[in-house]
Amino acid sequence: MGRARTLTRLAVTGRARAREARGWYGAESSPSGRCRFQPSVAARGAEVVSAMAKGRVSERSQTGALHTTPVGDRAAGTRGLTAQGSGDHLKEKACAEAGSARMSLLILVSIFLSAAFVMFLVYKNFPQLSEEERVNMKVPRDMDDAKALGKVLSKYKDTFYVQVLVAYFATYIFLQTFAIPGSIFLSILSGFLYPFPLALFLVCLCSGLGASFCYMLSYLVGRPVVYKYLTEKAVKWSQQVERHREHLINYIIFLRITPFLPNWFINITSPVINVPLKVFFIGTFLGVAPPSFVAIKAGTTLYQLTTAGEAVSWNSVFVLMILALLSILPAIFQKKLKQKFE
């Protein structure tokens, strides 16, 4: 009997170890009377780790779904931010750099005085003038001043051709660089002094260079002044520039032909709203040609004019409007074509 009990215990112990090796331990009575085994501690640990891993994967997928944006939405969002931010950065910089506006004004005054000294040297290099001629050697403010200046320059043009040309060139660029009124009278005067092709090229070149110098002055030291005094207008124009960014040369030409924006405003704010200098110069050089054509043609009859307004007729205005529409027409056509294919 003792031997039988020992064998029975060994058999039970062997079966228990075999069950534990298979991942099961103990026994629990089910309602049906059958034995239902529970998982071992190791098996339970494996299940817990697996569940945790699945939970993390699910959590990451849900988080990714929350933070993932479709490509189209991202593009639309980028465009929205660009449209909204095209002027917001100007307002932010207006607050940041308004304090340095006074220093920028002092630097601009210093540069202006230096340029005025150069103009004085050009004047001193001019031929000896009589007292009456010296009085008339000034920047014209009306048609009478332009006639008096044209009379003096025409007298010395043949004998001192280079000096007269340099004086005209320097004066025109000086006026354009510092946005001083009076360049319209110099444009009319060029038609009186020089042949039409030379006069047109001279006016376009002087306008392009002078406007570019004004651009660079604004880029280097004029930004705080623009941020402080011209913020709202610059914001509005920056939005227009962003709309025409793909056809910026055509847009600059259009603005130069039409009177919608003053030339001085275009010159000063262009570097602030990231208009490239090359595009700015080409657009200015080509854009001032049609209005200069009208002024130079009027200059051939200088002494018949009494005011600058007489240089522009209704026919001239009509021609300028046609040229303005032609300058912007390629951009409109390309935009319509792009919308059609999209």
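Glycine residues also receive a Cβ, built from the backbone N, Cα and C atoms like all the rest.
Here TrEMBL flags 55-85 as region 'Disordered'.
Sequence annotations record features per position, and here TrEMBL assigns transmembrane segment to 103-123 (among others).
Taken from TrEMBL, the feature transmembrane segment covers 160-186 (among others).
Per TrEMBL, domain 'VTT' is recorded for 180-299.
Here TrEMBL flags 198-221 (among others) as transmembrane segment.
Non-local neighbours of the transmembrane segment (248-267) in the same chain are 176, 179, 211, 214-215, 218, 230, 233, 237, 240-241, 275-276, 279-280, 282-284, 286-288, 290-291, 320-321, 323-324, 327-328, 330-331; each lies 6+ residues outside the stretch with a CB under 8 Å from one of its CB atoms. Sequence annotations record features per position, and here TrEMBL assigns transmembrane segment to 248-267 (among others).
The feature transmembrane segment is assigned by TrEMBL to 279-300 (among others).
Positions annotated as transmembrane segment by TrEMBL: 312-333 (among others).
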Pairs of Cβ atoms less than 8 Å apart decide it: which stretch in 103-123, 198-221, 279-300 has the most with the transmembrane segment (160-186)?
198-221
Looking only at residues six or more beyond either end of the transmembrane segment (279-300), which have a C-beta under 8 A from one in the stretch?
184, 187-193, 196, 199-200, 203-205, 207-208, 211-212, 215, 248-257, 270, 310-312, 316, 319-320, 323-324, 327
